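**Q** Reproduced below are the annotations present in TrEMBL:
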| type | residues | note |
| --- | --- | --- |
| BINDING | G104, F109, S155, E156, R177 | S-adenosyl-L-methionine binding site |
Amino acid sequence: MVHGRLVQLKHNAELCEKVVMSIEMHTDDELNQSSILESILGQALGPLRTFYNKLATEGEERGLIGPRDVNILWERHILNSAAVVPFISEALDAPRSHSIADIGSGGGFPGLIVAACLPDKDVTLIEPMERRVIWLNECVHEMELTNVEVVRARSEQVIGQIKRHGSVHPFGVVTCRAVAPMTKLAGWTLPLLQHGGRLIALKGRSASEEIAKASKEIKKNGGFDPQVRQAPVADGFEPTTVVIVEKR
C-alpha cells in the first residue's frame, strides 16, 4: 500500500518535471513592464517591489543570490515563494495558532514574501547567520512590515528552548525553502508545530524521493500523511513544488 503510494508520488513528480522543463523563465524586464505582478500579488506588490529593488541592487554583492538569478528575481524567487500562500492560508483556517515560522530564512524566501502577502499573520524568521539576520532586519524595516520578528538562532535551538520551558508548540505553520533534505527537516520543523499544524516546505524535483527516505523521521517527529503538491503561480509560469506534512 505504502509502496504503491510512493510510486504514484514519483510518477506525479516526473509528469510535473516534464511540464516544468517546457516552461521558459520570464525575465524581470518583461514582468516589470506588465500588469501580471499586480494581478498575482495584489496589495503585497508595494512592499515586494521594495524588496525586489533591494535584492536587485544588493543581493548578489551580499551573497544572497547567484549571478544567474539577477535577471529573473521575480519568477525564480519572489513569485515562486508567493505561490505557497494559499496553502498557508488554508492551513491557518482552523482554531489554532495563526503564527508562522520560517526556518533558515536566508535572503527572505519564503518568509518575507509570506509576511507581505499575509500582513494579519505573525511571522517569525529564524536564521542563524548574523549577516543574513542584518539583511532580514533591513528588509523588514524598508518594506514597513509590522508583523515580522527576526530571531538569530538555529531551529534546533528554538526547539530546545520550547522543551526546556515546557512551552506550548507556538506555530500553526512552519515554512522553509532550500534548507535541507526532508530527513533533516522533519526534526528541525515538526517539533515547532502545534498539533494539527503543517510543515510547508518548498522543494525541487526530488520531493517524492525525499519523502520516501524521510518516512521514519517524519513519523518519529509526529508528522503524518506527507504530500507533494504543485502550487500554481499563473498560466505560463513554473509551478512551485511543495511538500506538506501535518503534525499529529
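Here the Cβ of each residue, glycine as well, is placed from N, Cα and C on the backbone.
Please treat TrEMBL annotations as automatic predictions, because they have not gone through curation.
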**Q** Which has the fewest other CB atoms in a 10 Å radius around its CB: G104, F109, E156, R177, the listed binding-site residues?
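**A** Counting other Cβ atoms within 10 Å of each of the binding-site residues G104, F109, E156, R177, the minimum falls on E156.
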**Q** Inside 10 Å of the Cβ of S155 (S-adenosyl-L-methionine binding site), count up the other Cβ atoms and send me the figure.
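**A** Taking every protein chain into account, the count is 25.
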**Q** Give me the largest Cα to Cα distance among G104, F109, S155, E156, R177, the residues the record lists as binding S-adenosyl-L-methionine, in Å as a whole number.
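**A** It comes out at 20 Å between the most distant Cα atoms.
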